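Pulled from TrEMBL:
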- 7-530: domain 'Major facilitator superfamily associated' (DOMAIN)
- 208-240: region 'Disordered' (REGION)
- 7-27: transmembrane segment (TRANSMEM)
- 39-60: transmembrane segment (TRANSMEM)
- 72-94: transmembrane segment (TRANSMEM)
- 114-138: transmembrane segment (TRANSMEM)
- 182-200: transmembrane segment (TRANSMEM)
- 371-394: transmembrane segment (TRANSMEM)
- 406-424: transmembrane segment (TRANSMEM)
- 436-455: transmembrane segment (TRANSMEM)
- 461-481: transmembrane segment (TRANSMEM)
- 502-523: transmembrane segment (TRANSMEM)
- 529-550: transmembrane segment (TRANSMEM)
Amino acid sequence: MAFVFPKLLYLSVYTIFGSAIAYLALFYDEALHLTSSQIGILLAITPFVQFISCPVWTVVVDKRPNWHGPLMAALAIVGGLAVMALLLISRFLVDNDGHNSDQPEKGGNGANQSIVLMAAAALAFVFAFCGQPTMTLVDSAVLKILGDQKILYGNQRLWGSISNGACILLVGLWVGASGIEASFYIFAAGVTVFAILALFTKFPPISASQHPGDRPTTVAEESNEPEDEERRRLLPSKRQNIILPNADPHNYQSTPSSFFTALSNARSVSSINDGTNYVEEGLPRHDSFASYANTEFLDEHDDLIRTATSFAAQDVQMEASQRIANLDHLPSLGLALSQIPTLDTSLAVFADIGKPETKPPQKSTLRQPRVWSFLITTMLYGISYSMIAQLLFLFFRNHLGMESSLMGWTGPIGGIAEVSTFWLSNKLLEEFSVTFLIGLAHLALIVRCLIFTWLEPGTTMSIAIALGLQLVSGSSYALAWSTSVAEVDSYFPLDQRAMAQGILAGLFMGLGYGLGCIAGGIIFNDYGAIALCYGSIGVAAVSLVVFAIGRHL
């Protein structure tokens, strides 16, 4: 299997985020005995701080690429120690009877509760500033390792999704059997493995005398010669239905892809009646933002490639879009994922503010009702989505009475729905309007929350339905994000799209998620789980109204 090292990076980093991080809300509730409103505040720290931390560390690794691997390792260790220190709070700052509340019936005192909250907030800040950006730095590292084969980026990222879903499931099973602290042990193992791998991260060396088109071999690739095969799986097949010069179009028949062929990267071979194998032509690689022409070099003592992360991410998005546009069947799953930037990597563009090649969106464009209303819609959708998603495990356990071992199934169920929707997103954009798709994403959230309000706590049927609704959650999120990226790209010229996507990600995940955590925690604490669902419905409804107004102004 080619490009093993990038896959290992994704597997290990998502082990971190699929273990203790995924179950922090339960830990705050069970071990620290914080209220839901306090938990919401703690969960909001990460999206707010991440908005700053991701660009900050991206600036460092783009300017000092030889620091990239050691910095990833150091940040993972510092962030990991902050999370592991939460166990010390539960053992030394929480009362022996398990309470720290100032409520008399809980036997605690307000001063102790304040200390616990402030200590947990400080550690959450450290992780948000040091640990959370590791996902962005892994994206950056993989893009640089791939070099001019960045089209394979989605194929590597897929392993992160697999790791995340599997870890949430396995950790849930272990937490159900051994307690919430078990998630921290897997977290520690994940941090250790990732830190070790990060130290071995190397990028393609290149000398000034080397021709730009001659791509060197990376350290991670030295023992992985079959990467050409992986690249061919993502690119249109040699025997495919591109109409070549002097070719009769009636001689070509397209064989549609299936989800299973996409997962396995199997190629859909087109039949050619005359039996001639045509070599792929007519798909030249577009001029790259992160091409060697835009690559900076260090001094003669350090010849590592320095490619701006945001440009590399936009490069792979554009190339994947071009490849997909020339297909008449569904692309492979890796190619589809390459077309859609992650939220974390989109934030990295703020690291390039002030550079001449990075242009902010024009104010005249931002003032257009269709544009600003869409950006507000994105933020409101993020609020509505995070109100449930960030407090989901608390809702499942405290309201429905679901066991932790069952909660773990949310990982693979939601992950499969999310990745499948990303895979189909380009086809959906071709078949349906943006208005329909954004409306559908909102409607999915509203229906899911309504069904939550109808579930009877403690019943097997209710628990099964709640888990099944993760299919709706994963699909609505993927549909909203992929459609939003495509729509924002249509508003701005090419040299402004990267910054526009950064603004979109900041509103969706930064401001949207942060406000959603705070609002959701307060509503859940003061008014209960049903009110939380109705609150999410209300925000989604307002978002739809803003979106509709903007489309008609």
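From the backbone N, Cα and C atoms, a Cβ is placed for every residue, glycine too.
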Note to self: Six or more residues beyond either end and a Cβ under 8 Å away: which residues meet both conditions relative to the transmembrane segment (406-424)?
What the structure shows: 18, 22, 158, 161-162, 164-173, 175-176, 259, 262, 330-331, 333, 336-337, 340, 392-393, 396-397, 463, 467-468, 470-475, 477-479, 482
Notebook entry, point to check: Which one, 39-60, 371-394, 461-481, has the most C-beta pairs under 8 Å toward the transmembrane segment (114-138)?
Noted result: 39-60
Check: Could you give the mean pLDDT over the domain 'Major facilitator superfamily associated' (7-530), rounded to a whole number?
Finding: 80
Item checked: Chain residues in Cβ proximity to the transmembrane segment (7-27) (below 8 Å; excluding those fewer than six residues from its ends, i.e. six or more beyond) -> 1, 39, 42-43, 76, 80, 83, 86, 90, 131, 134-135, 138, 141-142, 156-157, 159-168, 171-172, 175, 180, 183-184, 186-187, 189-191, 193-194, 197-198, 201, 390-394, 397, 404, 411
Margin query: If we skip the immediate neighbours and take only residues 6+ beyond the ends of the transmembrane segment (39-60), which ones have a Cβ under 8 Å from one of its Cβ atoms?
Written below: 24-25, 28-29, 67, 71, 75, 117, 120-121, 124-125, 127-130, 132-133, 136-137, 140, 309-310, 344, 347-351, 353, 386, 390-391, 394, 506, 509-515, 517-522, 524-525
